[in-house]
Amino acid sequence: MSHKVLQIVLVLLLTLFSSTHNSNGNFLMEEAAAAGLNGYCLLTNTTKHSYGQAFNNTPVPIKNSSFSFNIIFGIVPEHKQQGSHGMAFVFSPTRGLPGASPDQYLGIFNETNNGKASNNVIAIELDIRKDEEFGDIDDNHVGININGLTSVASASAGYYDDEDGNFKKLSLISTKVMRLSIVYSHTDKQLNVTLLPAEISVPPQKSLLSLNRDLSPYFLEETYLGFTASTGSIGALYYVMQFSYEEGVIYPAWDLGVIPTLPPYPKKSYDRTRRILAVCLTLAVFTALVASGIGFVFYVRHKKVKEVLEEWEIQNGPHRFSYKELFNATKGFKEKQLLGKGGFGQVYKGMLPGSDAEIAVKRTSHDSRQGMSEFLAEISTIGRLRHPNLVRLLGYCKHKENLYLVYDFMPNGSLDRCLTRSNTNENQERLTWEQRFKIIKDVATALLHLHQEWVQVIVHRDIKPANVLLDHGMNARLGDFGLAKLYDQGFDPQTSRVAGTLGYIAPELLRTGRATTSTDVYAFGLVMLEVVCGRRLIERRAAENEAVLVDWILELWESGKLFDAAEESIRQEQNRGEIELVLKLGLLCAHHTELIRPNMSAVLQILNGVSHLPNNLLDVVRAERLRGIPETSMEVLLGLDLNSFGTMTLTNSFVSHGR
């Protein structure tokens, strides 16, 4: 049987830089992962209770497909007779697995998300520790895991010899180089996993593990491939030396020639440590005396930035770009590279040298307290997240008096420009209903991740069309986390500042100054209405009864003409059901009463047709005579152009605690 081989991820020697968060070529390295001996990928170092991840930069379309993977790897334990925890080959919906834990969680899951069906993660684990809580069979096994660490199939490490059919045991912690073969037949719905010594070039006919199951429901349309590993109180070094992916059911012969020998685990040398310590102390005293004057001047000059960022950078910092890299990428921050500007600063388009990756660079000053606050808010929230519907923060830079944030470039701009463009410029294509409906679902999915799926709750506090960006495929990504706040699950946020954009601020936020996930839902409801109607919340030039978008939609609903609220270009009969659903759901989300609004999980279920709106929804809305904008701010907005407002922050005189 012949197969068309698609070498999407070549046979690699993973040559990567060593840092907390770095990328090179096809793979992104995070946490303890770095380049090791001879350029091999080293997933961990000698740090205890740590983990490393290495994921390919480009997703692979393996849903509804057959595929074959081959990995050459080796494990070097700290102690010859006792393992650490293990490593895994991972299929992930995102590039990287944020919030993962070390030890028994293998750098894949954590205590909160382990076992959740929404993970969409499949892992082939090479486990060198028996964890009773996950039902491990022993401390030297291979397992197939779906969405959690309890294996759906597992077997002790080894292989079946083709000559005599006998099972030959292998020790994962033998420091020997081994090969792992992962082959899935979409036609037969069967996953085969084979482990064998690296010196055997042809895989045995009988697999170590076979799972008869359709894997398509667990994969998204595009899946990221990667490796994870973790250590506990005992260390181990995990090497990935070669890796190949081929389309189809293929069991290739793989002759490595001379099998490399992995170096032993580093031994502690107390004498050497004492000598180094003595030299370092001497040099430190001398350097401190010589550099004290220069250091004092530098400290005074940059005190503000260092005081706020130093601790955070050490613990959680994403990739830090040099100013030279960004200067070259944006062609010296020239005017023709400028994408936009406002109170936050300027945004420039650029291209990273040595690659074809387009980026957007936001430049702002750290002189103002607000500029520094928003800079830190972005890094501490979206800098730690990876989700297909969130704008990806690639890194940051501090140079002189300026702060820089680097994002993926979104070629189709912001949603508000697309909505405005479709009304004012007949030469531009209008958004189709299919595009609008997908945009709404994409933003809802992003908010669900922020509110309910991540380890901590993130309240965005500035949901509006201008902060929804569209990539080359018109997929929506939520951005601008400058006002975002995060807090632990189960705890209420407390704040004395009202932040957001006029018109999108929930009524209770003006009264209490307390931003919650429900205030995000309120703003999202208004965004849904704008997307369907193709207009702003306030239209001064419209007829009096049409000036306020929410009031106008409600009046049309009451008169049985709700469908007429949709923009004319999408007002086709086949779209009626979905359009009216979104309009009603938007009004429900933008309800004045906080407790009536659904959470984002319920919103997505309704959008996906899993749940339905209540039959008496109009009565619920009528009861409060819903108005989309508080009266205190409505008068201001009717007299001013909404475009003239950026993100505003008001100070409240009191704080309300509790719900």
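Glycine too: its Cβ is placed from the backbone N, Cα and C atoms.
In Swiss-Prot this protein carries:
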- Asp462: active site, proton acceptor (ACT_SITE)
- Leu339, Gly340, Lys341, Gly342, Gly343, Phe344, Gly345, Gln346, Val347, Lys362: ATP binding site (BINDING)
- 333-595: domain 'Protein kinase' (DOMAIN)
- Asn45: N-linked glycosylation site (CARBOHYD)
- Asn64: N-linked glycosylation site (CARBOHYD)
- Asn110: N-linked glycosylation site (CARBOHYD)
- Asn192: N-linked glycosylation site (CARBOHYD)
- 1-25: signal peptide (SIGNAL)
- 26-275: topological domain 'Extracellular' (TOPO_DOM)
- 297-659: topological domain 'Cytoplasmic' (TOPO_DOM)
- 276-296: transmembrane segment (TRANSMEM)
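In the three-state DSSP classification, Asp462 (active site, proton acceptor) falls within coil. Note: the Cα of Gly345 (ATP binding site) and the Cα of Asn45 (N-linked glycosylation site) are spaced 40 Å from each other.
Cα of the residue listed as 'active site, proton acceptor' to Cα of Asn45 (N-linked glycosylation site): a span of 40 Å. Counting every protein chain shown, the Cβ of Leu339 (ATP binding site) has 16 other Cβ atoms within 10 Å.
For the pair formed by Leu339 (ATP binding site) and Asn64 (N-linked glycosylation site), distance between Cα atoms is given as 39 Å, rounded to the nearest Å. In this structure, of the glycosylation sites Asn45, Asn64, the smallest number of CB atoms within 10 A of the CB marks Asn64.
Here Asn110 (N-linked glycosylation site) is positioned 20 angstrom away from Asn45 (N-linked glycosylation site), judged by their C-alpha atoms. In three-state terms derived from DSSP, Asn110 (N-linked glycosylation site) belongs to neither a helical nor a strand segment and is classed as coil.
Rounded to a whole value, the Cα-Cα separation of Asn110 (N-linked glycosylation site) and Lys341 (ATP binding site) is 40 Å. Asn45 (N-linked glycosylation site) falls outside any helix or strand according to DSSP and counts as coil. Summarised as a single figure, the pLDDT of the topological domain 'Cytoplasmic' (297-659) averages 78. Of the listed glycosylation sites, namely Asn110, Asn192, the sparsest CB environment within 10 A is found at Asn110. Note: Lys341 (ATP binding site) has non-local neighbours Val347, i.e. same-chain residues 6+ apart with C-beta under 8 A of its own C-beta.
On a Cα basis, Asn64 (N-linked glycosylation site) lies 16 Å away from Asn192 (N-linked glycosylation site).
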